[in-house]
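Engineer: According to TrEMBL, the protein has these features:
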{"type": "DOMAIN", "residues": "1-342", "note": "domain 'FMN hydroxy acid dehydrogenase'"}
{"type": "BINDING", "residues": "25, 126, 237, 240", "note": "glyoxylate binding site"}
{"type": "BINDING", "residues": "77-79, 104, 124, 152, 213, 235, 268-272, 291-292", "note": "FMN binding site"}
{"type": "ACT_SITE", "residues": "237", "note": "active site, proton acceptor"}
Ligand SMILES: Cc1cc2nc3c(=O)[nH]c(=O)nc-3n(C[C@H](O)[C@H](O)[C@H](O)COP(=O)(O)O)c2cc1C
Ligand SMILES: CCCCCCC(=O)C(=O)O
């Protein structure tokens, strides 16, 4: 079982538990994996703790689009989770029940098995080439209790990966979609003509807030908000799309400045500790999401592995806040990492 947040240890445990293809699919970045590496480096921002602050109580609670959460962290959408563990998304959702869980549209488990075990959850979506299939899937997500849609916008085409990613025959790669179409069915490929107008379309057909995931620029963030987005998620898909794209820790301040408190901003990519979550919040994010570490923990330890990882990250965040001199998440401000006033 994974008993640590140490990313090297978790990755080694996952490597031991998985076959080579599954491990490579999980680990890979796009191109020469420059962005994959830069995402990690981006968070190595020196911390500037305040001392002589009253941290006799430290409160990590916040809310995400109105949903109260014990800590400002969540599980990023990860496709094909039954490739990593027989219980796949069900195990992850159980392990993450105290956090926010985002279900991938490329899930390998149907809504019916997932919703009885999940805490609060959002559903990640693409606009598929078949609009009707998209609509029917979203109607099911709404009926199953999704509290928001996370529209991924950085994947008009899948970035060419450094390592093989072909899922094994028999893995139900479209388990959420009516009829469970196969991997090679063009109706389920992502629509490459996705536009700002689709943000309003997703909101209308679902009645849910739409979080736009995959934004790296302030001007794009402003346009998404004007088009009806409820929140912006700074992401480069964990370095799996455009290799060379800016690290998310570097992109975050520009997006936060452009959004200017009009909406919540989230971030993922290379977040590996509670200290990284504290850095993300100091730079203006409302929450940080974890991708690969959750899948490593799932592969190595199933439900208990995921729970242990998220509890560990939460504990690290608590400690980081206490030692930074912050009693609440609102006290995590840019000065603590940049030396610049808010
Ligand atoms: C194995 C794997 C599968 C992923 N599947 C999806 C997906 O289905 N939809 C999506 O929007 N992002 C997907 N992502 C991107 C993650 O949601 C997230 O942006 C990224 O993993 C964060 O970086 P990190 O892995 O360094 O934490 C996937 C990432 C990985 C590693
Ligand atoms: C390599 C194509 C699979 C796409 C579905 C999951 C995903 O987004 C990923 O990055 O992997």
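The backbone N, Cα and C atoms fix where each Cβ goes, glycine too.
In TrEMBL, annotation is done automatically, which means it is predicted and not curated.
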Engineer: If you count other C-beta atoms within 10 angstroms, which of the binding-site residues 237, 272, 292 is the most crowded?
Structural biologist: 237
Engineer: Check the binding-site residues 25, 79, 240, 268 for any whose Cβ is under 6 angstroms from an atom of ligand 2, and report them in sequence order.
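Structural biologist: 79, 240, in sequence order.
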Engineer: Counting distance between Cα atoms, which of the binding-site residues 25, 126, 237, 240 is nearest residue 77 (FMN binding site)?
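Structural biologist: In terms of Cα distance, residue 77 (FMN binding site) lies closest to 237.
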Engineer: CB neighbours of residue 268 (FMN binding site) within 10 A?
Structural biologist: 26
Engineer: Which binding-site residues are spatial neighbours of residue 240 (glyoxylate binding site) here, meaning Cα within 10 Å, out of 79, 124, 270, 272, 292?
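Structural biologist: If one measures from the Cα of residue 240 (glyoxylate binding site), no binding-site residues come within 10 Å, so the answer is none.
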Engineer: Cα-Cα, whole number of Å: residue 79 (FMN binding site) versus residue 126 (glyoxylate binding site)?
Structural biologist: 12
Engineer: Take the C-alpha atoms of residue 237 (glyoxylate binding site) and residue 292 (FMN binding site) and report the distance between them in angstrom, rounded.
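Structural biologist: Cα-Cα distance, residue 237 (glyoxylate binding site) to residue 292 (FMN binding site): 11 Å.
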Engineer: Including all protein chains shown, what's the count of other C-beta atoms within 10 A of the C-beta of residue 79 (FMN binding site)?
Structural biologist: 18
Engineer: Could you measure between residue 270 (FMN binding site) and residue 25 (glyoxylate binding site) for me? Cα positions, answer in whole angstrom.
Structural biologist: 17
Engineer: Whole-number Å only: compute the distance from the Cα of residue 213 (FMN binding site) to the Cα of residue 126 (glyoxylate binding site).
Structural biologist: 10
Engineer: Pop the Cα-Cα gap between residue 272 (FMN binding site) and residue 25 (glyoxylate binding site) into the table, whole Å please.
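Structural biologist: Taking the Cα atoms only, residue 25 (glyoxylate binding site) lies 19 Å from residue 272 (FMN binding site).
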Engineer: Near residue 126 (glyoxylate binding site), meaning Cα within 10 Å, which of 268, 272, 292 (binding-site residues)?
Structural biologist: none
Engineer: Looking only at the domain 'FMN hydroxy acid dehydrogenase' (1-342), report the model's average pLDDT.
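Structural biologist: Summing pLDDT over the domain 'FMN hydroxy acid dehydrogenase' (1-342) and dividing by its length gives 96.
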